[in-house]
Amino acid sequence: MTLVVEQPRPAVTREVKSIPSDPKESLMDGGFVVDANSFGHTFRDYNAESERQKTVEEFYRMNHIHQTCDFVKRMREQYGKLDRVEMSIWECIELLNEFVDESDPDLDEPQIEHLLQTAEAIRKDYPEEDWLHLTGLIHDLGKVLLHPSFGQLPQWAVVGDTFPVGCAFDECNVHHKVLRNPECLAKGVECISCRMTLMQGEFGISTIRPL
């Protein structure tokens with residue numbers, strides 16, 4: 001299925017941006033966050049006043065309260081069995097028509113629309129990269145965990161950002177000032193010998209897995 005959405009493209013003057021000197025503004029990969037897209041629309045502004053701002057803030061508060069090492073371990077054991085249900089990709093995508101991501105300050109549309117728009121935007125920019133079109137289509141497919149067929153987990157257990165559990169939250173975490181967790185140890189649960197192989201990430205569609 002292909003959705004073709006024609007949108008006018010205003011002329012955009014390219015500007016070379018340098019990496020900010022303030023480390024708090026830099027990303028871990030050495031890049032930077034732009035203020036707006038080519039259409040002049042801002043995005044991922046978690047502090048902007050909007051109808052969704054309170055919902056998003058409450059989501060992150062609950063997400064970081066309940067995502068503990070014990071919870072992650074239990075969820076991995078439970079869902080690692082792969083014994084829920086068997087469906088085609090499109091059947092899973094259709095299930096997402098019922099859900100709006102509470103962690104996203106920009107999107108208030110059903111996830112099926114988000115997946116199709118993402119895939120189509122990638123297809124338009126990279127017409128020869130069919131594998132990338134598919135990646136865009138299925139990149140959020142893990143949100144089917146919200147559906148009764150897959151356990152009907154709460155949103156805080158499925159969506160949101162990727163972060164390590166069992167340690168204090170860095171200031172780069174979204175809404176870090178409201179985050180509380182019983183495992184917020186300054187040096188983490190593996191403070192004596194911290195190795196990536198021991199690190200656990202939150203459970204959800206973008207879970208960090210031990211190496």
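Keep in mind that glycine also has a Cβ here, set from the backbone N, Cα and C atoms.
Please treat TrEMBL annotations as automatic predictions, because they have not gone through curation.
Annotation comment: TrEMBL describes His114, His139, Asp140 as Fe cation binding site. All chains included, 21 other C-beta atoms sit within 10 angstroms of the C-beta of Asp140 (Fe cation binding site).
Listed in chain order, the residues near the Fe cation site other than His114, His139, Asp140 are Gln111, Leu115, Thr118, Gly136, Ile138, Leu141, Lys143, each with its Cβ within 8 Å of the site Cβ centroid. Classification of His139 (Fe cation binding site) by DSSP places it in coil, neither helical nor stranded.
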